[in-house]
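Peer 1: For reference, the structure I am asking about is given below.
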Amino acid sequence: MPIKLDNKLPALDVLRSENVFIMDENRASSQDIRPMEVLILNLMPTKEVTETQLLRLLANTPLQINVEFLYMASHKSKNTHAEHMETFYKTFDEIKDKYYDGLIVTGAPVEQMPFEEVDYWQELTRVFDWSKKHVYSTLHLCWGAQAGLYYKHGVDKFPLSEKLSGIYKQTVDMPENFLMNGFDDSFVSPHSRYTEVTLEDIKNKTDLDVVASGQEVGLSILASKDLREVYSFGHFEYDRDTLAREYRRDLEVGINPDVPANYFPGDDPSQEPKLRWNLAASTFFSNWINYAVYQETPYRLEELEDDFSFYGYL
């Protein structure tokens, strides 16, 4: 099924060129079914790239989805034109009285900072608090997952000895979990981070299930039993060349990074990387939309206001 977007969003041209089924506002308004309402809190600096990555995956799901984008007004974006932000993004004050079936909180390149030192931290915590009564299921990605665990459950992050960057094997620990429907026993996906959370903290401070993990990546996917909280520390959404661009960016600023693991053929950065996680990515996002959101969300989203007591937040 298609994804519905603003007719003028630049990502539309890219997605249509890839034969992704997109429904514009005019066509969508003639359909008499309730689409899923999804809000994307995009914390990444390259916002248009992240938009396209996430929309590509959402468009592969079997449901019509209305997507809105949220940004943190307390942070000034340096890598995206103001006109783009004003046209396609909303502030928290503009959406705080609305309700959504799903919320996606992206990663952000701030993971080596204490959470409280991130300039939009207070605004982000307002979004987390608001989501209890206004969102059915929240999917937290990478730093967004760490931020959610820290604020909602008191689980802190810890520095790794070196950056984890590459394509890594992970094992499905809960094949009975709906998020893993259609997965093989193991899968690969990109990871790119300097920090991690520990299994001990997850067991001691939360009631979350470990859905997937890996020998090299540690925890990979966590979820509450009702799937209203989902945490993914990897980057299913990454393009074929995203890790390559990150690697070259780090080289240019003198970080001297290791070559991303299991990524370039023969570990040769001059070679084009192999895309090996596309099926897992599409399956994961389809499962989240279908099982965590569509199958359980109320038809009248306002009902979320009356039933949020089972959230395990602090």
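Quick reminder: no glycine exception, Cβ is built from N, Cα and C everywhere.
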Peer 1: Given that Swiss-Prot lists K163, R249 as binding substrate, which residue among S189, S192, S220 does it place in the same site?
Peer 2: S192
Peer 1: Which of these recorded positions is closest to K163 (substrate binding site) if you go by CA atoms: E111, C142, H235, E237?
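Peer 2: Of the recorded positions E111, C142, H235, E237, E111 has its Cα closest to that of K163 (substrate binding site).
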Peer 1: Is R249 (substrate binding site) helix, strand or coil when read with DSSP?
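Peer 2: In three-state terms, R249 (substrate binding site) counts as helix.
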Peer 1: If the substrate site is taken as the center of the Cβ atoms of K163, S192, R249, which further residues of that chain fall within 8 Å of it by their Cβ?
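Peer 2: Near the substrate site, the remaining chain residues are S165, L243, E246, Y247, D250, P257, P260.
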Peer 1: Cα-Cα, whole number of Å: C142 (active site, acyl-thioester intermediate) versus S192 (substrate binding site)?
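Peer 2: It is 8 Å, counting Cα to Cα.
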Peer 1: Measuring CA to CA, name the entry from the recorded positions E111, S192, R249 that ends up nearest E237 (active site).
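Peer 2: For E237 (active site), the closest Cα among E111, S192, R249 is found at S192.
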